[in-house]
Amino acid sequence: MHELGIVVRVIDMVEEAARKNGVSKVVRVDLEVGEVSTIVPSYFRDCFEWAKLRTEHMQECELNLIIVAGISYCRDCKKTYRTTEYGKACPVCGGHNTYLVTGRDVMVKDIQAV
């Protein structure tokens with residue numbers, strides 16, 4: 001379960017931002033999670049709920065996961081398509097000269113604090 005390691009890194013970043021900005025309490029974190037990032041949202045939420053209780057600023061923090069679609073680009077026909085539906089094969093031209101454009105990353109989008 002790699003979700004715990006990612007949760008710990010996210011919490012460390014948010015806690016550091018809270019300290020640097022003189023925040024007493026973080027109430028919400030919006031996190032973009034790529035559809036093909038291999039993160040299981042339910043595991044991630046469970047790890048977050050456990051880990052936030054061990055923080056200074058985030059004990060009552062709400063986690064909002066925003067799932068970002070996996071989109072691939074075909075170099076042959078210059079079209080984009082949903083990676084989860086078609087994999088590496090372009091549904092337009094059938095080519096395999098493709099690469100993932102979005103949907104792999106995990107990124108803190110917003111932090112709400114008081």
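Yeah, the Cβs are placed from backbone N, Cα and C, and that goes for glycine too.
Unlike curated records, TrEMBL annotations are generated automatically.
Marked as Ni(2+) binding site by TrEMBL: HIS2. DSSP assigns HIS2 (Ni(2+) binding site) to coil, not to a helix or a strand. In sequence order, THR38, ILE39 constitute the residues six or more apart from HIS2 (Ni(2+) binding site) in its chain with CB-CB distances below 8 Å.
Taken from TrEMBL, the feature Zn(2+) binding site covers CYS74, CYS77, CYS90, CYS93. Close to CYS93 (Zn(2+) binding site) in the fold, though at least 6 residues off in sequence, lie CYS74, ASP76, CYS77, LYS79, each with a CB less than 8 Å from its CB.
Sparsest Cβ environment among the binding-site residues CYS74, CYS77, CYS90 (other Cβ atoms counted within 10 Å): CYS77. Residues ARG75, ASP76, LYS78, LYS79, TYR81, PRO91, VAL92, GLY94, GLY95, ASN97, THR98 surround the recorded Zn(2+) site, their Cβ atoms falling within 8 Å of the Cβ centroid of CYS74, CYS77, CYS90, CYS93, which are themselves excluded.
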